[in-house]
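Novice: I grabbed these lines from TrEMBL:
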ACT_SITE  CYS120  active site, proton donor
BINDING   LYS22, ASN23  phosphoenolpyruvate binding site
BINDING   ARG96, ARG125, PRO126, ILE127, ASP128, GLN129, ASP308, ILE330  UDP-N-acetyl-alpha-D-glucosamine binding site
DOMAIN    7-409  domain 'Enolpyruvate transferase'
MOD_RES   CYS120  2-(S-cysteinyl)pyruvic acid O-phosphothioketal
Amino acid sequence: MDKIVVKGGHSLKGEVTVSGAKNAALPILASALLADGKSVYRNVPDLADVTTMLKVLGTMGCGTGRLTGERTDVCEVSVEGPIHPEAPYDLVKTMRASVLVLGPLVARFGRARVSMPGGCAIGARPIDQHLKGLKALGADIHLTEGYVEATAKRLKGGTVNFDVITVTGTENVMMAAVLAQGRSVLENCAREPEVEELARVLNKMGARIQGAGTSVITIDGVDGLNPVEHAILPDRIEAGTLMVAAAITGGDVLVRRVVPEHLEPIILKLRETGCTLTTEEGGIRVKAPSVIHSVDVKTAEHPGFPTDMQAQLMGLMTVADGTSVISERIFENRFMHVPELHRMGADITIQGHTAVVKGVRALSGAPVMATDLRASASLVLAGLRAEGKTEVQRIYHLDRGYERLERKLRDLGADISRVKA
Ligand code: EPU
């Protein structure tokens, strides 16, 4: 298995450009199912998860492809001819976001058979809210042989009040409601920028959605949608990860192609650590202080501090001056990076959903194991700072969500390489 080898101690300097957002690309690719014809997406990151979503669509009978040469960021999905509305276990088990085809399939084809995602490394992650929403729009839902089967002649507008704020749940039900008959009102919705971006794409396709980005979304169903061309927004979590890379190495980096408003909770937190962040044309510059101050963090739904940045911020806190209290409030098991950070000399104690991080003078490089996507990123960040060599194994997790991360870091001056197995 490939691994990443980092030799720490180099300050990162220069400019880096952020790729398209994974968590926007996945629902947007699924939304292609809602219209006949060819949709074309630009700025689609080249990631394992995106490839899995293209495979899911391909097994159903969609034409899918990524351009080569200069435009590898362009993906096409065409819906022509019969669609077999099923997402099989083999694919869903490798990526739970495959469940995002459920809403579009039942709305458009009246039937969907999608494998139930199991638990995952960061928590149980049920999909009860997705199913509750689809039922409220009139879908019949049955669970058989590990699959969700949803059927409906035509969905009907309805009111859905989510009991839990869920990103993909909001997206799935929104994609179903766009073709339902009449008005749907979704309450207690996720307000993440990726939900707003999906609504933007659906509206370009002819949908009538209002309120995305707030907690109440109103959707007036239409009879049909058109294919679309769209450039996907930049990945705020990749941007945040690169910003922490600058901070943890005592660096000075301009992170290009960002939407500063989407990064606000991360920017505010990094300022509290003593970093200087300035908005420049085309990006945000992060200058590290000589000493990183400790800060407390509670993860929360957007616009709170994102759970997808918790592990990376914890990496930074391992070398801060003082003690930091980090509370994870979205997922029940998202501290898998802690035992690995211990191996590098970090001083962290877990008490339930809280980690108490006492900054240490230095980390020391060690062989460590990636356990999930963001945990992997935190280990790479710690490796950039540590004395000596860090080897991060199981980096397929990293490849699910970061496009060529080691190349981007190397271009900023890091001593990092991928060693093929
Ligand atoms: N939840 C339920 N029932 C549901 C749905 C969710 O109880 O039906 C719970 C979850 O178990 C969790 C909480 O609600 O405790 C929030 O989960 P959410 O549904 O919002 O997560 P998600 O939609 O499955 C997306 C991102 C994650 C990100 C979370 C939270 C995508 C494809 N994935 O997951 O991204 O952590 O929102 O912001 O958008 C990552 O990129 O590393 C990643 C894990």
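Using the three backbone atoms N, Cα and C, a Cβ is placed for every residue, glycine included.
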Novice: So how far apart do the UDP-N-acetyl-alpha-D-glucosamine binders ARG96, ARG125, PRO126, ILE127, ASP128, GLN129, ASP308, ILE330 get, largest Cα to Cα in Å?
Specialist: 22
Novice: Out of these recorded positions, CYS120, ILE127, ILE330, which one has the fewest other C-beta atoms within 10 Å of its own C-beta?
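Specialist: Comparing Cβ neighbours within 10 Å for the recorded positions CYS120, ILE127, ILE330, CYS120 has the fewest.
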Novice: By a 10 A CB contact count over all chains shown, which of the binding-site residues listed here is most packed: LYS22, ARG96, ARG125?
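Specialist: Top count of Cβ atoms within 10 Å goes to LYS22.
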Novice: Using C-alpha positions only, work out which of the recorded positions LYS22, ASN23, CYS120 is nearest to ARG96 (UDP-N-acetyl-alpha-D-glucosamine binding site).
Specialist: CYS120
Novice: Where among the binding-site residues ASN23, GLN129 do you find the Cβ with the fewest other Cβ atoms within 10 Å?
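Specialist: Sparsest of the binding-site residues ASN23, GLN129 by Cβ contacts within 10 Å: GLN129.
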Novice: Where does ARG125 (UDP-N-acetyl-alpha-D-glucosamine binding site) sit in the DSSP three-state scheme?
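Specialist: Going by the DSSP assignment, ARG125 (UDP-N-acetyl-alpha-D-glucosamine binding site) belongs to neither helix nor strand, so it counts as coil.
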Novice: Looking only at the domain 'Enolpyruvate transferase' (7-409), report the model's average pLDDT.
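Specialist: PLDDT averaged over the stretch: 96.
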Novice: Quick one: pull the CA-CA distance for ASP308 (UDP-N-acetyl-alpha-D-glucosamine binding site) versus LYS22 (phosphoenolpyruvate binding site), whole Å only.
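Specialist: Checking the Cα atoms of ASP308 (UDP-N-acetyl-alpha-D-glucosamine binding site) and LYS22 (phosphoenolpyruvate binding site) gives a distance of 12 Å.
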Novice: If you count CB neighbours within 10 Å, which one among the binding-site residues ASP128, ASP308 has the smallest count?
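Specialist: Ranked by other Cβ atoms within 10 Å, the binding-site residues ASP128, ASP308 bottom out at ASP128.
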Novice: Between ILE330 (UDP-N-acetyl-alpha-D-glucosamine binding site) and LYS22 (phosphoenolpyruvate binding site), what is the CA-CA distance rounded to a whole number of Å?
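Specialist: If we compare the Cα positions of ILE330 (UDP-N-acetyl-alpha-D-glucosamine binding site) and LYS22 (phosphoenolpyruvate binding site), the gap is 19 Å.
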Novice: Should the residue listed as 'active site, proton donor' be counted as helix, strand, or coil on the basis of DSSP?
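Specialist: Assignment for the residue listed as 'active site, proton donor' reads strand.
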Novice: How long is the line from the C-alpha of GLN129 (UDP-N-acetyl-alpha-D-glucosamine binding site) to the C-alpha of LYS22 (phosphoenolpyruvate binding site), rounded to the nearest angstrom?
Specialist: 22
Novice: Report, as a single number, how many Cβ atoms besides its own are within 10 Å of the Cβ of PRO126 (UDP-N-acetyl-alpha-D-glucosamine binding site).
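Specialist: Step by step: centre on the Cβ of PRO126 (UDP-N-acetyl-alpha-D-glucosamine binding site), count other Cβ atoms within 10 Å, giving 14.
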Novice: Fill in the CA-CA distance, ARG125 (UDP-N-acetyl-alpha-D-glucosamine binding site) to ASN23 (phosphoenolpyruvate binding site), as an integer in Å.
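Specialist: Cα-Cα distance, ARG125 (UDP-N-acetyl-alpha-D-glucosamine binding site) to ASN23 (phosphoenolpyruvate binding site): 16 Å.
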